[in-house]
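Straight from Swiss-Prot, the features:
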type: BINDING; residues: Asp21, Met22, Asn23, Arg36, His59, Leu60, Gly61, Arg62, Arg114, Arg147; note: substrate binding site
type: BINDING; residues: Lys198, Glu320, Gly346, Gly347, Asp348, Thr349; note: ATP binding site
Amino acid sequence: MAFLKLTEQNVQGKTVLIRADMNVPFKDGKISDDTRIRASLASIKYCVDNGASVIVMTHLGRPTEGEFHPEDDVAPVAAHLGSLLGKDVKVLNDWRENKPALNAGDVVMLQNVRINKGEKKNDLELGKAYASLCDVFVNDAFGTAHRAQASTEAVAQAAPVACAGVLMAGELDALGKALKQPARPMVAIVAGSKVSTKLTILESLADKVDQLIVGGGIANTFLLAEGKAIGKSLAEHDLVEESKKIMAKMAAKGGSVPLPTDVVVAKAFAADAEAVVKDIADVAEDEMILDIGPKSAAALADLLKAAGTVVWNGPVGVFEFDQFAGGTKALAEAIAQSKAFSIAGGGDTLAAIAKFGVTEQIGYISTGGGAFLEFLEGKELPAVAALEKRGA
């Protein structure tokens, strides 16, 4: 991927417009998790340390375009950013009428981009209005890269220079390393409740990987495709044929979809449900599979430890309940111990990584939920394509 990087630009004396993703959650009117704000600091600090003035823009929540309500206000985000930077970060509400006059080291924030008419439709005039504020545009919002919007795509077309921020560049470099030139063998874990939501990812990865590990409800559908009884487990009977095709595709190239030989079952989906380990052949009609068994976990752990590249999306069991967390824990620890380059993404995956304390041992943790999944699907990300076009 050829794109310009912020860290390669001379920004001294320039105004830099950074599209960040600071769409943080709130609880009782206060920011409950500032991870996304902290993730944006590297690009902002690079600009400030190198003599630039900075304009930050972000979306917050899901406001109606053309309307402004108190909950849409980015002021609490700006205040928190200011406290992290040790600076006063003002919010600009009327930036189209009054272009800000900034000095080197200043940091300001535009009001919520999603209240601007034309933002979601990728309006070129709005993109030009954003671009008119800056000498250099920086996209550092990988989480929104799969959407073509005025603050991510149109602005990149119109700005004098368009480049990737520290976070965006790191994300794209890691994804490129994992998917474009992977060290072999390459192993992917794709887990979740439904094959239907991950079908295109499964099909795309089946072309790339040497082993395709499936988990959760997805694994149950594959077990059905192998003719196994799964009791009352969650599965999609209408996707059994698609599952067979994916297994055949993997087998034809000498790979496989290794399915569990033992599982952890329960009679109910509940935090206090009794967990029983069973051979896959012994699952009863009134039981549901809620995790992979210890033998299966050990076999998959060996695959992961011998891998050159690991892509992880989704826990293989109901890890929120400790009695069904063993499989996901074993795989998380195997990835942590592996010499493979590992990349993980998706909300549940990140929660599992945090729960089992292996954050530091994962090669790269992706910040972009939907964008990460679309990259795995092999889709073009509009905001990234815009940067590549400008970097060519």
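Backbone N, Cα and C atoms are what each Cβ position is placed from, and that goes for glycine too.
Residue with the densest Cβ environment among the binding-site residues Asn23, Thr349: Thr349, by other Cβ atoms within 10 Å. Across the annotated binding residues for substrate (Asp21, Met22, Asn23, Arg36, His59, Leu60, Gly61, Arg62, Arg114, Arg147), the two most widely spaced Cα atoms sit 18 Å apart. According to its DSSP assignment, Lys198 (ATP binding site) is helical. Classification of Asp21 (substrate binding site) by DSSP places it in coil, neither helical nor stranded.
The Cβ of Gly347 (ATP binding site) has Gly369 as same-chain neighbours under 8 Å, each 6 or more residues away in sequence. The binding-site residues examined here are Asp21, Glu320, Asp348; by Cβ neighbour count within 10 Å, the least packed of them is Glu320.
The ATP-binding residues named in the record, Lys198, Glu320, Gly346, Gly347, Asp348, Thr349, extend over a maximum Cα to Cα distance of 21 Å.
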